[in-house]
Amino acid sequence: MFASTKSLILLLAFHSLLFKFGESTPCNNGFKDIIKKKNIPSCRILPTFKAEFGWKYRRSTENKTTKIDIIFGISDEYAKVEWIAWGLNPGHRPGMVGTRAVIGIRQSNGTVQANLYNITSNNKVGCELLPSKVELFKAEFRVQDMTGEVSSSYITISATLELNNQLYNVEKLNHVWQVGYHADLERLVPRIHHFSLQNFDSTETFNMTCEGDTLGVGHNQRYFRTVHGILNMVGWGILLPVGVIVARYFRKFPVRWNHWFGVHLGCQIVGYILGTTGWGIGLWLGRASRHYTFKTHRLLGIFIFTFTTLQMLALRLRPKPHDDYRKYWDMYHHFLGYALLAVISVNMFQGIAILKPNTTWKWAYIAILAALGVATLTLEIVTWTKFIKEKKTKRKNNNDSNRENQQSQSATDNNATK
């Protein structure tokens, strides 16, 4: 049983590692209806903001240029968004600086004004981003039919770009997208966006000729964040609590199970290995992230690793059962274990809030906590019910024994009197 559980957990963890990083997600039906009107056949959901992107490409007969029709949209979940952007970066890596972007700014009358912008390092340090003249980029690409629209469920921007094949390769295209909540509507100047993880994660390199598959994880770490989350959720969030439950309720009371220690030890060791691996990936992600840090999540992770390691030292350093201070060590070991479970739960929700994945993650972990909670509550009720019942039985037996002793003593006294 333990071996099969361990194999299943490792399979789930490494399945995430071996997952095809570039696999694309089909668009929603609402966005498909929009791109169908523009005769655009291909679309996919982008990794952040639930943004959706559609495209069509065709190469010139001389193979010097490639014409692409694009449409980028954000659903009405982001109703307060004032501007959306999509652009291409001719550099070696996808990034904000160097991107030539189509930005649509929502106007007070409900329309969307789309223009071309050149994002430079000056904009990164706070300089205003003003619309650029299309003629400035004619050596790189030509832009036609730049439009922005607001439908019942989407805000979209679209354009036709004729790309210079010497600068842009549709099989390895660096694209960037973004959303913002403030803009100067009169001067068409988008104000700086938020600094959340999703904002920094809105870049990728993708293959326009192959259903929009992305080309691995060289330019971002979001897939390793998923691996980090899965390993920690399974290792620290599931296996460690299961090991605690086994030790609490199956050692002696209310259920005596001869194999409890092996299962408890197995859950703790495998959980520790998976959790520590996930923690190590988290440290690497923290060092690789130049633009942001999550101090609370990081500090809680270090706390969990440190004191979980201390708990694991019990394998070698726990006192012998007959030692005088064993009971005090047991109290410390149990209290620290319960405290760690509480901190782990808090940090799991911290991580989910940072990643902002679809709601399945959050509700899946809530379901796991609920299952563990129900199991604990049920076993706790059984424990107290059995304890009270045995206490009543013992008291009754003591009363019966005392009554018999009194009757025997009374009989003895009567015989002595006679």
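Backbone N, Cα and C atoms are what each Cβ position is placed from, and that goes for glycine too.
TrEMBL has this to say about the protein:
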BINDING   HIS228, HIS264, HIS297, HIS333  heme b binding site
COMPBIAS  404-418  compositional bias 'Polar residues'
DOMAIN    49-180  domain 'DOMON'
DOMAIN    189-388  domain 'Cytochrome b561'
REGION    393-418  region 'Disordered'
SIGNAL    1-24  signal peptide
TRANSMEM  230-250  transmembrane segment
TRANSMEM  262-285  transmembrane segment
TRANSMEM  297-315  transmembrane segment
TRANSMEM  335-355  transmembrane segment
TRANSMEM  361-385  transmembrane segment
Sequence-remote partners of the transmembrane segment (335-355) [C-beta within less than 8 Å, at least six residues beyond its ends]: 197, 225-226, 228-229, 232-233, 236-237, 240-241, 244, 294, 296-297, 300-301, 303-304, 307-308, 310-311, 361-362, 365, 369
Helix, strand and coil residues within the domain 'DOMON' (49-180) as assigned by DSSP: 11 helix, 68 strand, 53 coil
Of HIS228, HIS264, HIS297, HIS333 (the binding-site residues), the residue whose Cβ has the fewest other Cβ atoms within 10 Å: HIS333
